[in-house]
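First the structure, in the form of structure tokens, and then the observations on it.
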Amino acid sequence: MMILHLGAHLLFIGLIVCKANAGSSLRFTGSDEQWVAFPMWNACCESEMSFSVKTTHLNGLLVYFDDEGFCDFLELHVHVGKLRLCFSIFCAESTCVLSDVAINDNRWHSVSIMRNFRNTTLIVDDEVKWEEVKSKRRDMTVFSHLFLGGIPSELRSVSLQLTSKTVKDHTSFTGWIMDVKVNDSEPAIISSAGVHEDLCGSENTCLNGGVCSVVEDKPTCDCSQTGYQGKDCSEGLAHLMMLDRGMEEYVATFRGSEYFCYDLSLNPIQSSSDEITLSFRTLQRNGLMLHTGKIADYVNLALKNGAVSLVINLGSGAFEALVEPVNGKFNDNEWHDVKVLRNLRQHSGVGYAMVTISVDGILTTTGYTQEEYTMLGSDDFLYVGGSPSTADLPGSPVSNNFMGCLREVVYKNNDAELELSRLAYQGDPKLQIHGVVAFKCESVATLDAITFETPESFLTLPKWNAKKSGSISFDFRTTEPNGLLLFSCGRAKQHNKEAKSPVTLKVDFFAIEMLDGLLYLLLDMGSGTTKTLALNKKVNDGEWYHVDFQRDGKSGTISINSVRTPYLCPGDSELLDLDDPLYLGGVPESSSGTVFPTGAWSALLNYGYVGCVRDLFIDGRSVDVRRAAELQRAAGVKPSCGKEPSGKCVSEPCLNRGVCREGWSRYICDCTGTGFLGHSCERDATILSFDGSKFLKVQFSAAMHTEAEDVSLRFRSLRAYGVLMASTSTHTTDTLRLELEAGRVRLTVNLDCNRINCTTSKGPESLFAGQNLNDDEWHTVRVIRRGKSLKLSVDDLPTVDGEIPGDHTQLEFHNIETGIITGKRQLPTMPSNFIGHLQSLMFNGKPYIDLCKNGDIDYCQTNAPIGFKSIIADPVTFKSCSSYVTLPSLQAYYYMYLFFQFKTTSADGLILYNSGDGNDFIAVELVKGYLHYISDLGNGAHLIKGNSIKPLNDNHWHNVMISRDPNNLHTVRIDTKTTSQTTLGAKNLDLKGDLFVGGVPEQMYKDLPKLVHAKEGFQGCLASVDLNGRLPDLMTEALVCIGQIERGCEGPSSSCEEDSCANQGVCLQQWENFTCDCSMTTYAGPLCADPGSTYVFGRQGGVITYSWPPHDRPSTRVDRLALGFITLMEDATLVRVDSSAGLGDYLKLHIVKGNVVAVFNVGTYDINIEENGKLVNDGNYHIVRLTRSGGNATLQVDDLPVIERFPPGHIDSHRLGTGRLPYRRLVEESLPKNGRQLTIFNSQMTIRIGGWQKQQVSGFQGQMSGFYYNGLKVFSMAADGDPNVRMEGSVRLVGELQSSSTPHGGATVYQSSVTEISSTTSNTITITYSTPADEQQTTDELLVASAECPSDDEDIDPCEPSSGTLCCFVPPAGPTGPAISSFPGPAEVFRESNGTTGMVVGIVAGAALCILILLYAMYKYRNRDEGSYHVDESRNYICNSNGAALKEKNTADDDSGSKSKKNKNKEYYV
């Protein structure tokens, strides 16, 4: 088909009067230095601005305002000739609206922007579009001026002052703007640049091609070349275009289903020319007005998107002429005249047709050539106002009939004239009228289709008053299988079936829903629910379906595409009481007071409808759903219906292994088995850890009743027993419960019939799925119930189906519980508590774990820790080999399941033993560090050795599972290694007597079976003991408790290992455990694995300042600084430390062109150190570690190699070339005079984090975490309200930035901790901190932080450690040459002395006394045996780069032994 889209020229009839205020407008030239500033428009809530615009350019910025660099903004710009509006509130993802109206036609267009909280509406001429931003806050914050045409250059050059990231990339607007109004008033111009007042730029200054010019400051029109006259060239020969009409006009009203049909087949018409004339009036954008002809020869006249469309085919191809008005649309409810002329000429056997169409003087004329000469005419039906199937007509650009008024429809040619409107009015038999047509012009509302884009979108319509009878019809179209189309219900009423029955709530309701592609009618008038399948065919194939529901009393019909299905409601009631509104497309999420009936499955399952709806009629009256959506600002509801091409899943939009399926113009991600949530499975689902005492309980304020449930969850456990999830009722035994039983998932559904009049079922229905699910791997469970039907699936295994017996299908519950069932009084059995991890608990579409965590529901209780925690349940320590407890005999006759966790350093020991009748027994023991399981079922003892690569007495926790099934398959699993063995013979284990745990009485060891090697009991820790699904308390349930047994797991259970401290934290071995130094990690917590204090620095800039008290300002030779941050800024100051006024010492860490740069000056010149290997303004989390020792410094970003800086000629450079820095002399006077200013950072006064200062814009913007500087955790101090910390500008504290399990690339911000001890020497207070090792350097030397070491500066030998508690520092390996540890040992701090003379005397006296005591102590220690005070190397560890601990090496040289012994008595160690 060939289509020609033709332009139009304007022919005005009559006199057009210009506007009184059309004298001037603002002309924008498009220069970069162009803008107009109006006062701030307070567009936070409900407000409106409007203007008129004219342009010929494709792009340009029209409107802009924001909150000056923080979150909120609104921008309107011309984008490829159309208007595009984008806005954001509270840092939410920006939302954009794109108009379909082309405005670059050099014509005036009216534009309005309407703000309504989260909604913003863009109106261009008569087109209305709106969007809603997904923001937690609904008000928009505005600080800037209202800018039109562009923005000042000073704003473009400074990105921090512009909230929108793209506005500075837009070109300035070129064209005219006038009639600017804000809330119906004209704002005053504050300032402008590059904008001119254009007297000829206003609307309709000169019409019909007249040329405007300014004469004596007034616009003047030159009409000499137009054929018109008058002040504005509007006076033409209107009388020549007037039609002679009779005294009577024939008008008919069409409402969408009516049409005229004139049969031309009996008397075809042909001629060389013909003419079609008619007048129309409508509000509808689309609709067929007239059609005649078949596939190869037809004429089609219709309204298409508010313009008049003429499509003609004369046999050799089709073309389309589209006539549009200058402003607005033709569907403006005004009369418009249409004339179509066709003239045929023949030349050399070739026909030449001239087609002319005129609409209110807008003319389009086209020549059209045919291959063969044929006459014009038709022998087919001639349709007026519509047809039986408009979408199937050849060449029809629209699919629906006309709705509005048609007047004087006439077809005439050289031989005949058909006055079709008159023939219809007079009832001519040749013309058939379909439908009821009113022969007068009546108002007809437009019935545009709307699209529900999300399951959460819906419309609220007026209450449907249909007590005795009523009807509803509509069309719908979708490809999605589930959705609630219509729903309304009445008020809840008390209902008693029997005197003994409880009072329940009943509601009348009406619903039309789609489940699994089938359409159902649901109706309840108080006597019971009827559920009718409308059509035994799926209707989600993307085609339009017409639904017609008719009701008369308790009976009626529902039809789809004229296929009718009758229904009959049970009971005697014939009145339908609906008190709530009628909801279209879904129901509100928070329907307080609305009781959803149990039969409305889609409402209870939160299945909203996604697709299109049109032509809604209620009781024979049309409902303008498009207008209703506009008035309600309905989120997710858009006008029109367009199906986007399939293939949304081709780009794999579902993240993290989410399963994608096609929806209606959208993709749908099934995140059930992924551990993620969100539209695209992009958000981590919350994990809860359960140790047998933890639970989560969701409590509902009223009893919930359902007949359909969708339940899914993920779990991970080492135990074979434990309740995963259960719905429980306060009054009944109703439950839907998921639990682990013998390594399988068991689904139990019990519907209590005892308290209601129903057919009693045989009891709970149970289904089982999966096996060996206690493997400490994630498993996904799904449950689908629809009435009596049950489906249970685990992972990707086949689904297990079941059916509930009886006629009762209603489940009642008050709670949803996990981990522990608290209301056990209503349950016949006591399910075992759960030990493991749960996430992604979904019940009828609601993720309850995440709702509880985020505080989105207020009826949730939980004590389960959030996150994936290591689970050690109820640990007990057997402190000696002779300790044990006894429990009742193990019941393992047919099968057995045992689980426990243990940790020990002992290679041998009896863990479990239970004897029985005859030779029956079981025993579990450690033999040389390996686990043995011995059992005898009467046919002889069998030994199974556990599969482990190395001995298990490694002081780590190990998980042990031992099982025996009815077929005598014995399985032993240790951690992840499994061993299985099948025994023959007897299958029953008959145990008697007590079960011994941890050992047996001493006299019993010699009588144990031969295969049992144990000669003593187990020494160590046991936890999570599970005996066939029972979790005994070894302390309180023990029959006998012998020896030293304590709760918890103490002793040498915590020693430094490679992974003891996370995130490069430094492990410090203690006597019975270890601690982690997190100072330089930006993380916190006992293992450096917890989130720390995080601050957000906003776009306006902010700063956190720590100020030392004036009397306590430190001077340092060594500084250590660490922080983590996320930013997109290319240049910003992170932190600056300044000395007191006049000294000039400072240290600064900042970002320059995306690289981290450190600069400091301690008295001589600026020293720089820079990391150029990685850009840090990429929005990811980065950690920066900076150390300074005198003029030397190291810098490390993330895990990159450490960068070292040694200034040439520095005094310490020479010292580093021959040995280590003697970080011992802390008294400032002892430092060399020529190096004092180069090494000492004097009198530190302030720490400024964020870099922002008033009237400056170089501050940091983003998030910063875990700040640490010389023992100061400023962020934690700020959060605790420390009086020395002050915050200014846009700074706010946030909580957790990310998951603690994420590595640096994933960017989690953590806090740091430090241990400190202080001592006083002379007038200088010295604080020495425990220090971690740098990640890059290694050496065999030890650097011990000491408060005092009596050696001069040339002495570079280290002080030897004493026998006190030791924090060891190992300078890691670095490049050859001058070497300094990247993170020096102590942060040496000098405090200024402000004491009086009396204080000095006191200090001197005290010092003298200390010296005497010290000399005496040295004498005593000198004569002691050296082994009595040396460090116990077995309990002191050296921390390496990844947190591992290495045993201390002796670093003292042979020739320095005496000196070291002399000095070590005067050292203090951390």
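Note: Cβ is positioned from N, Cα and C throughout, glycine not excepted.
What Swiss-Prot annotates here:
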type: COMPBIAS; residues: 1448-1458; note: compositional bias 'Basic and acidic residues'
type: DISULFID; residues: Cys200-Cys212; note: disulfide bond
type: DISULFID; residues: Cys206-Cys221; note: disulfide bond
type: DISULFID; residues: Cys223-Cys233; note: disulfide bond
type: DISULFID; residues: Cys405-Cys441; note: disulfide bond
type: DISULFID; residues: Cys612-Cys641; note: disulfide bond
type: DISULFID; residues: Cys649-Cys660; note: disulfide bond
type: DISULFID; residues: Cys654-Cys669; note: disulfide bond
type: DISULFID; residues: Cys671-Cys681; note: disulfide bond
type: DISULFID; residues: Cys1021-Cys1049; note: disulfide bond
type: DISULFID; residues: Cys1056-Cys1067; note: disulfide bond
type: DISULFID; residues: Cys1061-Cys1076; note: disulfide bond
type: DISULFID; residues: Cys1078-Cys1088; note: disulfide bond
type: DOMAIN; residues: 196-234; note: domain 'EGF-like 1'
type: DOMAIN; residues: 645-682; note: domain 'EGF-like 2'
type: DOMAIN; residues: 874-1049; note: domain 'Laminin G-like 5'
type: DOMAIN; residues: 1052-1089; note: domain 'EGF-like 3'
type: DOMAIN; residues: 1093-1291; note: domain 'Laminin G-like 6'
type: REGION; residues: 1448-1470; note: region 'Disordered'
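DSSP assigns Cys669 (disulfide bond) to a strand in the three-state reduction. Cα of Cys223 (disulfide bond) to Cα of Cys1049 (disulfide bond): a span of 102 Å.
For Cys1049 (disulfide bond) paired with Cys669 (disulfide bond), the C-alpha to C-alpha distance reads 45 Å.
Each residue contributes its Cα atom, and for Cys441 (disulfide bond) and Cys1061 (disulfide bond) those atoms are 84 Å apart.
Looking only at the disulfide-bonded residues Cys405, Cys1078, the densest Cβ neighbourhood within 10 Å occurs at Cys1078. Put simply, Cys641 (disulfide bond) is 28 Å from Cys681 (disulfide bond) when counted between their Cα atoms.
Residues of the domain 'EGF-like 2' (645-682) grouped by DSSP class, helix first, strand second and coil last, total 0 helix, 10 strand, 28 coil.
Checking the disulfide-bonded residues (Cys206, Cys221, Cys612, Cys671, Cys1076) against Cys200 (disulfide bond) with a 10 Å Cα-Cα cut-off leaves Cys206, Cys221.
Measuring Cα to Cα from Cys1078 (disulfide bond), none of the disulfide-bonded residues Cys233, Cys612, Cys669 fall within 10 Å.
Residues near Cys649 (disulfide bond) in space but far in sequence (CB under 8 A, at least 6 apart, same chain), listed by position: Cys660, Arg661, Glu662, Tyr667. On the backbone, the CA of Cys206 (disulfide bond) and the CA of Cys671 (disulfide bond) stand 62 Å apart.
Of all the disulfide-bonded residues listed (Cys221, Cys1067, Cys1088), Cys221 has the fewest other CB atoms within 10 A of its CB.
Cβ neighbour count for Cys206 (disulfide bond) (all protein chains, 10 Å cutoff from its Cβ): 22. Put plainly, the disulfide-bonded residues Cys441, Cys641, Cys660, Cys1076 were compared by Cβ crowding within 10 Å, and the winner is Cys1076. Under the three-state DSSP scheme, Cys223 (disulfide bond) falls in the coil class. Other Cβ atoms within 10 Å of the Cβ of Cys612 (disulfide bond) number 22 in total over all chains. With respect to Cys1061 (disulfide bond), the closest of these disulfide-bonded residues in Cα terms is Cys1067, chosen from Cys221, Cys233, Cys405, Cys641, Cys1067. Checking Cα-Cα distances from Cys212 (disulfide bond) against the disulfide-bonded residues (Cys221, Cys641, Cys654, Cys1076, Cys1088) with a 10 Å cut-off leaves Cys221, in sequence order. Counting every protein chain shown, 23 other Cβ atoms lie within 10 Å of the Cβ of Cys669 (disulfide bond).
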